[in-house]
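Quick look at what TrEMBL lists:
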type	residues	note
SIGNAL	1-20	signal peptide
DOMAIN	30-88	domain 'Cathepsin propeptide inhibitor'
DOMAIN	120-340	domain 'Peptidase C1A papain C-terminal'
Amino acid sequence: MKTFCGVLLCYQLVIASVLALDQVLLVEEWLQWKNQHKKGYRTKGEERKRHSVWLANREFVSSHNSEWEEHGYSLSLNQFADLTDEEYTGLLVGHSYPDYEDNPLVTKFRSGRDLTSHDLPNSIDWRTKGVVTSIKNQNSRQCNSSYAFAAVGSVEGAWALTRGSLTRLSEQNIIDCSVPYGNMGCRGGSVFSSYLYMVNSGVSTYSCYPYRGRQSYCSYTSNCTCAKMSGMVRIEFGNETDLQAALATVGPVAVTIDGSSKAFRFYSQGVFDWSGCSSTKLNHPLLLIGYGYTYVESVYTEYWLLKNSFGTNWGEDGYFRLVRNQFNQCGIASDALFPTL
């Protein structure tokens, strides 16, 4: 009996030691995450709350990654890991579909012939053509400005293809000055309203009007105008073949997708494929810069390549791959626009 009790006691001590070690490792992981993302909290109570949220999000990420081969993409604890679901979705722009039909500045994309995806290049990446600027960080907690980054990015691409050189343009110019056209500064906006502003006023260079991540008075001057638009072209709702054709033949395209899911929020690498993603409830603009395919273990997967504005610690160094030709997943072709100069 004494031997049995001794073994049981040893077993309990081992379990207690393992649990204690797990707690130590969790604390170290939390501290490393805070340091990496430069997180600080005003009170101990706030830190306890954020730590609790972080632990719940960590469990979600770990559970997903334990089955990552089934999903085809992995997640990581990025800068949004201390936010609740409600807090994160509050950072997204919201979306309403503009009345494109009655606007003389908007034309519908025509490919010129009956195309299928087989008539187009197998892949394209506009980064290799020198028409995509580097990844930026909009600082979502202070400024909900993804619409400005997507709109400006598409104009940067069009301008570079027309002029032969790439110039960084000003997202801050759009945030501060496009409110009369329907945007709301750091409280959100749309690519469409940003385009309307740039048709009327043009857009400044970044060097003249750098990013501050907060809304201020419009300080645009015509002396700094770099690019101006004449109109815009829209892709037919849900038509991924037309979207592919426009991307391959014209250049980068501004799109708006459903970015509200936890899987998107914590996306790290791979081809994102989640059927629960809405194709109509859109809330996050990005810049579409390419497409391609993967062939892993006899599985062929087509994808879209997008540039986000969450910084390089999010996704694949700031970029995002989304499954292609899967019923307009996440609304990739629901509201897609590109500029005409």
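Even glycines carry a Cβ here, placed using N, Cα and C.
The average per-residue pLDDT of the prediction over the domain 'Peptidase C1A papain C-terminal' (120-340) is 96, rounded to a whole number. For the domain 'Cathepsin propeptide inhibitor' (30-88), residue counts in helix, strand and coil come to 37 helix, 3 strand, 19 coil, using DSSP.
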